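Peer 1: Just dropping this structure here.
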Amino acid sequence: MSTPHIPPSSADSGRGDGSDADTPGALSPVRPEPPRHPRADGSGRPAGPAGRGKERSVASRLASATAGGAAQVVLILFGLLWLLPTAGLFVSSFRDARDISAGGWWTALTDASQWSVQNYSNLLGKSAFTDSIWTTVAITLPSTVLVVVVGAMAAYAFAWLDFPGRDWWFLLVVALLVVPIQVALIPVARLFNVLGIFETIPGVVLFHAAFGLPFAIFLLRNFFAEIPRELLEAARLDGAGEVRLFTRVVLPLGGPAIAALAIFQFMWVWNDLLVALIFASSSNPPMTVALQQEMRQFGANIDVLAPGAFISMLVPLAIFFAFQRQFVAGVMAGSVK
C-alpha cells in the first residue's frame, strides 16, 4: 500500500539551506527590502548615485554663480575706483578757482551754483590753446599713418618674404623694443639740429614714427604669420603678385591688428609730453605742452588746467570706445603667435 504524497509546508519552503532551490515550482526566498532613507525634500526616494550627482551638480552651479557674481561686484568696484579721478576732473572743470580751493569736487554735486561753463569759454577763447589743438592733430595723424603703413609693409616682408638674414633682422627689431626713449633724446636732437628739423612738426613726427615702428612690426608680423599659406598660394596661382597679395588679401585680413596698432599709436602720440617738450617748437607747442605752460612757479591755473585736461582726454577716449572690438581682437590675435 503506497504512502500518500504530502506537499511541503510553507515553513519548509522558506528554509535558507537551498535544498529546494532547483526544484521546479519551488518558491524563491523573499529577501527584505533595504530601508528607505528619506531625502531632504521629503520625497522618500532613495538617494542613489544619480540623485547625489544631481545634487552635486546643482551645488556646483550655485557655487560657480556665486563666485561669478562676487567677481563681477569686485570688477565693478575697481572700475568705479578707476573712474573716480576722471569724474573729479570732469566736475572740477565746471567750477571756478575759488570753489575748487574752498572744498572737494564732491561738494558741487549738491550745490548747483558751482557749475558754470565759463572755464571752457575762457580756455577755448584763447587762440594759443586752439592753435595747440591743431598742432597736436598735425603731429598725431601723420605719426599714426606713417607707423601703420610702413609697419604693415615691413611686417608682411618679415612674415612671407624670403630674404637673407630675415630672422636676424627681425630679432634686431624686437630688441629695439627694450631701448628706453630717454637714451635717444640727446643724440636724435643733435641729428635733427644738423638736418634743420629740430623744433619742427616733421621732426616730432619722425621721432614718434621711429620709436613706434618696432612695436608695429612685432605686432603685425605675428598676426600676418597666422594667415593660412594655402590662401596666399591660391592667390599666387591666380596671378596675384606681392603687391596685390598685400593690398587685397593680407590687409583686409589684418584689419583688427591694424586697428589695434592705430589706436595704440594715436594715444601714445596724443598724450605725449616728453618728446613734444624737447622737439616741438615753443612758440607753437602741442596741447600737452600748452597745458604744462599754464603751470606757475607758485601754483597753477586750475580753472584752466581742469577743462584743458578733460578736453585732451575726449578724443582718445572717443576713438578707443569706437574701435574697442577691433582693439581687443587685434591685441589677442597678434600678441601671441
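Glycine is treated like the rest: Cβ placed from N, Cα and C.
Got these off TrEMBL a minute ago, pasting:
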REGION    1-58  region 'Disordered'
COMPBIAS  33-42  compositional bias 'Basic and acidic residues'
TRANSMEM  62-84  transmembrane segment
TRANSMEM  133-161  transmembrane segment
DOMAIN    133-323  domain 'ABC transmembrane type-1'
TRANSMEM  168-189  transmembrane segment
TRANSMEM  201-224  transmembrane segment
TRANSMEM  245-267  transmembrane segment
TRANSMEM  304-323  transmembrane segment
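For each feature listed, report its degree of burial, its nearest neighbours and the pertinent distances within the displayed model.
Peer 2: Residues of the same chain lying 6 or more positions beyond the ends of the transmembrane segment (168-189) and with a Cβ under 8 Å from any Cβ of it are 154, 158, 198, 207, 210-211, 213-215, 217-218, 221, 274-275, 278-279.
Same-chain residues lying 6 or more positions outside the transmembrane segment (245-267) and placing a CB less than 8 Å from one of its CB atoms are 140, 143-144, 147-148, 151-153, 156, 160, 208, 212, 215-216, 219-220, 223-224, 227, 231-232, 235-236, 316, 319-320, 323, 326-331, 333-334.
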Peer 1: Okay, the transmembrane segment (133-161) and the transmembrane segment (201-224): do they have at least three CB pairs under 8 Å, pairs separated by 6 or more?
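Peer 2: In this chain the transmembrane segment (201-224) contacts the transmembrane segment (133-161) - 3 or more Cβ pairs sit under 8 Å.
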Peer 1: Mind checking which residues reach the transmembrane segment (304-323)? Cβ under 8 Å, same chain, six or more beyond either end.
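Peer 2: Long-range Cβ neighbours of the transmembrane segment (304-323): 86, 89-90, 92-95, 100, 119-120, 122-123, 129, 133, 259, 262-263, 266-267, 270-271, 287-288, 290-291, 294-295.
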